[in-house]
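What TrEMBL says about this protein:
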DOMAIN    4-213  domain 'Porphobilinogen deaminase N-terminal'
DOMAIN    226-295  domain 'Porphobilinogen deaminase C-terminal'
MOD_RES   Cys242  S-(dipyrrolylmethanemethyl)cysteine
Amino acid sequence: MPKLKIGTRGSPLALYQANETKSRLKAAHGFSDEDIEIVVITTTGDRIRDRPLSEIGGKGLFTKEIEEALFAREIHLAVHSMKDMPARLPEGLTMAALLPREDVRDAFLSPVAKTIDELPKGAVVGSSSVRRGAQLKRIRPDLEVIQFRGNVETRLKKLDEGVAQATFLAAAGLKRLGLADKITSLVPTDVMLPAVAQGCIGIETRADDGTTRKLLAAINHEASAIAVDCERAFLAALDGSCRTPLAGHAVIDNGVVKFRGHALTLDGVHCFETTREGSPADAARMGREAGEQVKAEGGSLIAF
Ligand SMILES: NCc1[nH]cc(CCC(=O)O)c1CC(=O)O
């Protein structure tokens, strides 16, 4: 009988993340392989493959069935890409641990150019992310952005076939999957501010499950948890739909939390920016106030 059941989506990245969590729990608590079972759960987001997620309802589509399994006690914990988590968790669930954050940057993939700047005038870029689309139009208004979904292999094939000249993926996912060699270049965060919580794996459990919470506390990475708290408070304050291009990134530098947040219009013409600095204890408040500021400033142009 397994002592712990981990719920996860079945994609290669999700399985990698669940196995990473399993290894860390084994190392922290001396569990054997049989003690921890990985339970694959198919979500609505996995079933719908043909439409951009932002059209269907976006965030939450990858979490609903998994959270139902937590409530039903079919699993003890659930492993998520924090970037895909809605700003607020359902009542009764909690994010009990964050794993050490991977590279937060976006990766640029292109057979014809080394960087965004080097793309030929009018080049076609494949991306379904409203954030990346808006950021790109802001720096290169000449580029044409087309919808692009699918896994890494599908996207690389589309690049090969000339459907688009470039695409973007989170560096974290590529690195975790051992596909870092597919990256043409990494986009600096001051060129493209990453999505809130990009590169972060979070582990969710029931708030009243003290046993699992204690096991997870041992593998929590505090600096990553603080940064994500700040970024997600920004997201929650803006209450953005997934049609709202938002970006936010916090780092802890010498004990100081430094946060940058952006909200853009879809066409990239307007970008409302905010920065905050403060102590880790204030991380969530800083993110929230940054979000409130951007909402007040950009509210007439951006539909949050
Ligand atoms: N929205 C899809 C998604 N959710 C998490 C990752 C992997 C990277 C991460 O954990 O931030 C990706 C792929 C991507 O945006 O390229």
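Note: Cβ is positioned from N, Cα and C throughout, glycine not excepted.
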Helix, strand and coil residues within the domain 'Porphobilinogen deaminase C-terminal' (226-295) as assigned by DSSP: 29 helix, 25 strand, 16 coil
Mean per-residue pLDDT computed across the domain 'Porphobilinogen deaminase N-terminal' (4-213): 94
